[in-house]
């Protein structure tokens, strides 16, 4: 089933294909009276934009956002906000090979299995270009939760992880990898250059943290903060895993090691000795930073030919030609941040609905 | 926000607290004409049931299910199916300590932060007893997808993992741990006994596999199979991470290593050389087994006193008394299976809606 | 599709058949901290209860409600509230005729067309007994909107309408017809007696008014108050029409006659010269009473034999035997009130979500 | 709450204001493989288009639709279909009076009460221009239900009703009123001319019929066909009432008069002697034509000054200047048809989901 809406009361619906005239998103349920112009959204799109340096895909898109509805005199009116981004660099590539054979790891075979045919140009709807629309929506979500600061970063490229002893929040924006470890960032330049030269690709792990979430957002059972975040992250292209707090490391720990003990903080606040839980207990925020980690697989688009079949079921081999992205996970950072913002903004409004 | 419904067209709503008179679930949208009596559900509840051996919690519940609506002459009618399970062993324990102090890692503090007060008896709504209701719902979901076989198992208890070279599907039901490695099962007896004696607890990793899912179930974007499964698993008590296919290992791999190359199979089928993707591409099933892995944290209920605060904000210490469950993840296996069945049944119906 | 949930953030799900062991409802999303015991619900069930006088169906049900979850020490906890009502008078009637032939105007033929078979005992899920569950849910909704007073009444039985010049709010509860016109109530006794004797049935029009709704509840487009109320009312058994404010009379009027002119009221309030709109403008409440009118068709269960077909498609005739309800619309009054309460409570919470 | 999505599995989301750059709709869940180009949509927009004759508003819009996503080589792909219509005639009118005073019967006061401020230009989001988006969506819905033929017509303008003895289906498209009674159409010319001259306005009743709906679409309780249609129609601007089948007339009838008796038809079909029920029983389609009737109030925009208040709460008077639409209900006909198509297409897919 096609399902292009996310959220419960702050809902957004994205549309658009890689090679259509445009893509966009409708954000519904946004509170009225928030200051909103294109300037509030564009910086986030710019951070995600392809073709900015030699380490990501060379598709060049202006990714300029237009607000088509939902604001008046620079403020949200409470009505649906329609955002549109025109596609400008749909290179007139030859897609005849992709049309006739399935690229393993891509949605080619499964789209055909589901829908009977597909728009094969640039991956159609399964292109990561769709994430531009959510980054735009996420910029609006941030306006709904001014009390929250969301920061994402790349934790590892392939097997090359950062060293958290060198973690420097200010470094994240100072390199093309969203890397908080300047030494690792340096090393990654070589890693990516080699990967590109080899026509290979690498996976990545992205971390994200939301500070300022008050205790009480979330829900006990099927809209648990953990579940909402996991669902959100796993809608992003190429993601295959998600952790809240310590995640799988918690599964290897003892109850003593995993306890986040509490003590009285100043002014009625609560101090936690640790944050193994990632800022949630019973699916509801504790007031600590909400943290998650997302696994991006390496893109299947590599120069090495891979065995596959044609749409007629015959054996063949296929390899990627043209534009090539050695590590799609890097550009996932602004998308992970956007999804975190969208989940938290939705949960803030839901909490307000029930608990006033 | 309280949100106790899961699913899009096959929807289920659970209700009930640990110490209320009963708990239950309403399953809506089930196809008509399926054979359904209590006998189809009870075995799955029995597998999840507490108090069956010395390795899990000693709460003793009959967990007997009653069908209150939605069937006629032993078949589903297409109307909502209401299932109820009475609580019989709400031991008249002294909850005065829990009422007055927050157990770190439990939902005590967050429920109070959200709702202003809470039913502290046995964890109230946040008790794992809620999962009995979903296991019952999952039994119905299995009837909707007879083409699919779902198998879950425990992959690790704390740091003690199975050896996949000894993987034996038949062994899973032959030990109290749902362990497919008889040697590991043997070792785990000692591990759990020691953990219990020490009043400690351990996390666990649970794996699940669904065979027989045809290519084409799932959705391109916000109802991706990966996302639906992740959301489902992360609603289970104590879960902190989820992986589809290779998950975080894929993030450390290269595109060549992660490719699931394809070749023509017999009779129009497709052969895959590997299943790193866990049976999905672009969020839609490939026809391979759908696989996932779920991280359960160790329960916070341990005998070692932990620093915490009272509801008045004063410093105190708290430890668990009475019934104690050294590894809650073990009993998570039937719950993980149930959630997998519920997601796949829902996606089967959604696929039928759009694609006929 | 089976769809047994109503509401957006305050959601309720009903279940149960006429001749099953019980029926019930799960109310999800209710704010925490509201005083709630069975005593808050029972009076509304008693008002709807069948068999209370000679003017409605003679089925006798205690309709005693049990709260199975969602409260603690007499207050709502914010978790799902499960209510159950046992069926006690499923008379062991002979349903063989109904099993084999379709009663025109009932759901017999359409259920078979949709689901392939049906629970024919007492109408199964299509029995008006389902409305007991919503009346119970409605009692909870009223607690969510203490600022609102909801009053329903019977406006006409068949062609016999009340005279609004004799409208007496206090009379509504003083006769078995929820009739605000004592003179009409008197006349209706004879009308119903004759209709019963003739084995015939009559339709009815029910009106409902909600006072105290502040300006600002509702939504501009697809959750307009008008639309939500219309949807809610048209889910009640036997309803075939709904009007907000002047309804179809407005369609015959001029703009001048239909204008609800405004003037300054005391203390910043607004005075309206009339309420043709039924308390909404653009789908959002104006602060005036929200009013609607609902058309109930006469029940198809009459003693006069009617042409029909058997389940095998053969011509036959069918007539109702046994318990007979000459005017089902009368007992619709508490149900209409309940649905109004449920819609308004949901809209109050939705308004709070978006607008704080 | 802003709620701009309608439908359950075939869902559409509209956006746009009267005086913004454009308006549009995203249609999600459409089956793949349907032929769809702008040519399939434009004729329905043309039928709704303003400024086509002297009997409706003189705003002139090209209402040219653009498909921005969801099709490939002229066929739907199963991904979201984004449609956009540019606004071209947002006349640079002076809105200072409307900005400062509330027009009774319009959404001015209620939007301010809800959102704190509003886009007052041309009614903003509450303008009937929004209905262009649904007419476009409805054109797609029609492609999903090729077995169904939907026809709407104007039944009355103010107190001036058609005579059903002169009902001529072919006449509907032959006059500017969608009037099936040529004699009435003739008379209405004078009625509208006079109403316009007087600066007055009139309500209207619109009827709609869907032929070809098979038995079995719809749902037993909260997605009853009756309820879904009522909800859909009551989201249209200016609607205040809706009837299915005989509607309020059924409330005045006896069970004998209202019975739709059945007999065996040719080839396993069923013949009904009448269609008082409007093609539904128990909320599910019977196979007869599905019929409804919708009440449109007269527009509040009239030349006669009406008492009102300013945004500061002071008494004032207001009257409409400039473009004036004497009977908004007329242009409601294509919108009613569109909503009928959207409801039925959604129900077809839902039926397929549950019942295969």
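Using N, Cα and C of the backbone, Cβ positions are placed for all residues, glycine too.
TrEMBL annotations:
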type: BINDING; residues: D:48, D:54; note: NADP(+) binding site
type: BINDING; residues: D:125, D:126, D:127, D:237, D:238, D:282, D:297, D:298, D:299, D:300, D:301, D:323; note: FMN binding site
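Features recorded in TrEMBL, as mapped to the structure shown.
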residue	record	contacts (Cβ under 8 Å, 6+ apart)
D:48	NADP(+) binding site	D:63, D:131, D:132, D:135, D:331, D:334, D:335
D:54	NADP(+) binding site	D:193, D:196
D:125	FMN binding site	D:16, D:17, D:18, D:119
D:127	FMN binding site	D:17, D:18, D:237
D:238	FMN binding site	D:128, D:296, D:297, D:299, D:328, D:329, D:332
D:301	FMN binding site	D:103, D:106, D:201, D:320, D:324, D:325
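Residues from the set of binding-site residues D:48, D:54, D:127, D:238 situated with their C-beta under 8 Å of a chain C C-beta: none. Between the candidate binding-site residues, D:297, D:299, the densest Cβ environment within 10 Å is the one around D:297. Chain A has a C-beta under 8 angstroms from the C-beta of D:125, taken from the binding-site residues D:54, D:125, D:301. Taken residue by residue with DSSP, residue D:301 (FMN binding site) is part of neither helix nor strand, so it is coil. DSSP classifies residue D:48 (NADP(+) binding site) as helix under the three-state reduction.
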